[in-house]
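S.K.: Have a look at this one before I ask anything.
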Amino acid sequence: MTMTPQHPGMPDEQRSVEEHMALSSLFTTLEDLTAWSRKHSLWPFNFGLSCCYVEQVTVLTPVYDQARFGAEVIRASPRQADLLVVSGTVFHKMAAPLLRLYEQMRAPRWVIAMGACACSGGMYDIYSVVQGVDRFIPVDVYIPGCPPRPEAVLDALIMLQQQVGSERRPLGVTVGNTAGLGFDAPRRRDQRRDERMAQTLLDPPESL
């Protein structure tokens, strides 16, 4: 909240302490101030695995200028970052290193899944590809596309900033059981896997 002086034209010597504070101070809550500072100072850590990362790097160019949103400083270490951007195809061999990097990030932390492969496995419905990065880490914003355009990345960043600005997180966050948050829910593509695989079983020539 802010304090509005009742007599803006009054001489300084006639103003009360409250009047002086209203002219030079802004009052707010610690939670709002913390959320505002986090919103305008995201520290991203990019985890690029495939062609989507090319579009993600394009956002850093002067044409799109990601620096306008306070997220231009790419961190080289997850210990210095609070935003993890996963772009590209996540193979099962990469799941464990990616989870380790996520666990090294300081809380609070956020995750953006960029591209169809990071969101749901994309067209790689095979044994070696994780069908969505949210299988092992929570995702805050999904960016569909193969690959997404740079404008979509900026839209996702703005959407995440709105979410961060409205959160009321303390300075430290303890994540409890996530069983009820839908991370372990069965995927529709997994439920229909047998049905789709049956379509590849053709009738033998002698039956025609």
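Residue numbers in this text run from 1 along the chain shown.
Just so it is clear, glycine is given a Cβ too, placed from its N, Cα and C backbone atoms.
Feature list, courtesy of Swiss-Prot:
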BINDING   CYS51, CYS52, CYS117, CYS146  [4Fe-4S] cluster binding site
COMPBIAS  185-197  compositional bias 'Basic and acidic residues'
REGION    182-208  region 'Disordered'
S.K.: Counting only residues 6+ apart in the same chain, whose Cβ is under 8 Å from the Cβ of CYS52 ([4Fe-4S] cluster binding site)?
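M.R.: Result: SER87, GLY88, MET114, GLY115, CYS117, ALA118, GLY145, CYS146, PRO147, PRO148.
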S.K.: Around the Cβ of CYS146 ([4Fe-4S] cluster binding site), how many other Cβ atoms lie within 10 Å? Please give the count over every shown protein chain.
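M.R.: Result for CYS146 ([4Fe-4S] cluster binding site): 13 other Cβ atoms within 10 Å.
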S.K.: Compute the centroid of the Cβ atoms of CYS51, CYS52, CYS117, CYS146, then list the same-chain residues not in that set whose Cβ lies within 8 Å of it, in sequence order, for the [4Fe-4S] cluster site.
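M.R.: Neighbours within 8 Å of the Cβ centroid, excluding CYS51, CYS52, CYS117, CYS146: SER50, SER87, GLY88, THR89, MET114, GLY115, ALA116, ALA118, GLY122, GLY145, PRO147, PRO148.
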S.K.: Tell me, if you would, which residue among CYS51, CYS117 (binding-site residues) has the fewest other CB atoms within 10 Å in the structure shown?
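M.R.: Result for the binding-site residues CYS51, CYS117: minimum number of other Cβ atoms within 10 Å at CYS51.
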S.K.: Reduced to three states, what secondary structure does DSSP give CYS52 ([4Fe-4S] cluster binding site)?
M.R.: helix
